[in-house]
Amino acid sequence: MTLILGIDPGSRITGYGVVRDTGRGCVYVASGCIRTGSGELHERLQIVYRGVREVIKTYGPVTMGIEKVFMARNADSALKLGQARGAAIVAGAEEALEIAEYTATQVKQAVAGTGGANKEQVMMMVMHLLKLTQKPQIDASDALAIALCHAHTRSSLIPHGLSTARSRGGRLRL
């Protein structure tokens with residue numbers, strides 16, 4: 001049974017989701033949001049970094065999936081998102097987690113069966129797959145979806161003798 005951390009990065013709100021892959025599916029462990037407030041960017045990045053490290057220390061995942069940066073209309077927003085993502089990746093790398101990156105389309109495809117699913121459809125599938133009775137916060141739901149995508153990807157790679165750890169720098173680029 002593998003504990004998997006999913007991260008939905010953001011410079012103001014970073015969602016996290018932890019699931020246990022039992023080999024027969026995933027079980028919900030925890031989820032939530034790291035809220036950075038409205039301080040200076042370097043202060044917010046430090047909060048993301050510390051928050052992700054705290055989640056790792058609390059739950060003990062061995063692997064992490066994180067969403068790739070998409071190209072936003074606003075270049076400044078995309079850069080800030082990339083920096084928050086970097087803070088989360090460094091936190092995972094410092095704790096020796098296996099790290100894999102997924103596009104939003106890959107996550108939606110793995111969880112909802114279509115890369116064009118909307119946030120509500122993804123949330124409903126997350127609730128169904130993890131047997132949740134209450135809706136998680138949207139950023140936490142996205143992070144749980146990333147964790148589920150990572151679990152699915154790992155389970156399809158392992159029987160073929162592949163591992164997410166074999167890639168350059170411990171990060172699997174799909």
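Each Cβ is built from the backbone N, Cα and C atoms, and glycine gets one as well.
Annotated in Swiss-Prot:
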type	residues	note
ACT_SITE	Asp8	active site
ACT_SITE	Glu67	active site
ACT_SITE	Asp139	active site
BINDING	Asp8, Asp139	Mg(2+) 1 binding site
BINDING	Glu67	Mg(2+) 2 binding site
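A map of Swiss-Prot features onto the structure.
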residue	record	CB count, 10 Å
Asp8	active site	27
Glu67	active site	25
Asp139	active site	23
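Asp139 (active site) sits 6 Å from Asp8 (active site), taking the C-alpha atoms as the reference points. A gap of 6 Å separates the Cα atoms of Glu67 (active site) and Asp8 (active site).
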